[in-house]
């Protein structure tokens, strides 16, 4: 299944996410708890020494050099090198009839950590991440004891350093796996797979396949489909493949296909949201005509075009019901977004008993272009329309020349229908973003069958 919406995280985006991830891991490693160590060790022919190391305190753990790399068909690999840590603690010794105690310092240097992350998706279509491999190698551990018998400890420091090395190597990977599960996995699960837009529609952003690593990026294929909250039906067409360009200037790119936008038209059409009624008060408000100007949306206005209208329904208020017989269908190309929606305008006379008498049905066709942008994590837009082309589909008041009504209908629809649509588009539709992500440096480009949005990312910590 081709995606209707694609998210690409470039190497720059992965590096940015990696910086925040390493900062979290560094804090968690700095809180690492070490167990007390005790044992016996024989020192040459002198005898057996009983030692205890307690109150081990990790002063800090630094990860100065690290990088993240997407590995094709595998996932992500994080490599940390030249990490170092410092510890201190207390020692106690028993040797023959001698007892002593003191403190010690321990330096851990040249720590190398390799972490492999497996990417997947769960039954809800949310992304998942887990540790598929973790290896820690410590090449240098130096321990320095102080106290009257510090020289004795220094004789068998290699035994203690070896024990510290093994404990730390195991503990580091334990911390890594917990951090990936508790922090990273929890965070990626904040990616919304369904987004309720309003009382009528929602967007399905569920993954259609696990995230895919390439040599230069991480791609996530999403369903990208609008749906009616009242009744979700099967979309009668399929998404086309998206030929993503090789842009890597921004941290993240979004590819919104024509399928994505056209399912919006279907969802709103099925939800009955593309029906607009225009009455006298609405027309005055929309056209910004003061009441004292004498404008009235009634049969008298149209009597110049339809003489028999005044005879049948003299000076009666009118209502227009604007609707789309089919869902609007748009196309996306290098020149932008365009569509030619068909709007039907059913005219009624409002009788004295408030019932409606059908007068005539017009078909309005007009060219529409769209301007798209991103604001506050939402896809926003506005429509610009050309002149309408009218045709008469049905009439209960006889035939008449519709071209005579061209200007009036053009003003009526442009000042009532268009502002309401643009007001909805200005509210925007949410992009699939995890928590606390803000977008900046927005790029908008059009390609065949899809819209490309590029952006840099700012993460707002709690």
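Going from the start of the chain as shown, residues are counted 1 onward.
Each Cβ is built from the backbone N, Cα and C atoms, and glycine gets one as well.
Values in this document were obtained by computation on a predicted structure and should not be read as measured data.
Annotation source TrEMBL lists disulfide bond at 134-173. Taken from TrEMBL, the feature domain 'Lipid-binding serum glycoprotein N-terminal' applies to 8-231. Per TrEMBL, domain 'Lipid-binding serum glycoprotein C-terminal' is recorded for 246-455.
In the predicted model, residues of the domain 'Lipid-binding serum glycoprotein C-terminal' (246-455) average a pLDDT of 88. Cβ environment of residue 173 (disulfide bond): 113, 134, 135, 136 lie under 8 Å away, each six or more residues apart in the same chain. Other C-beta atoms found within 10 angstroms of the C-beta of residue 134 (disulfide bond) number 18, with every protein chain shown included.
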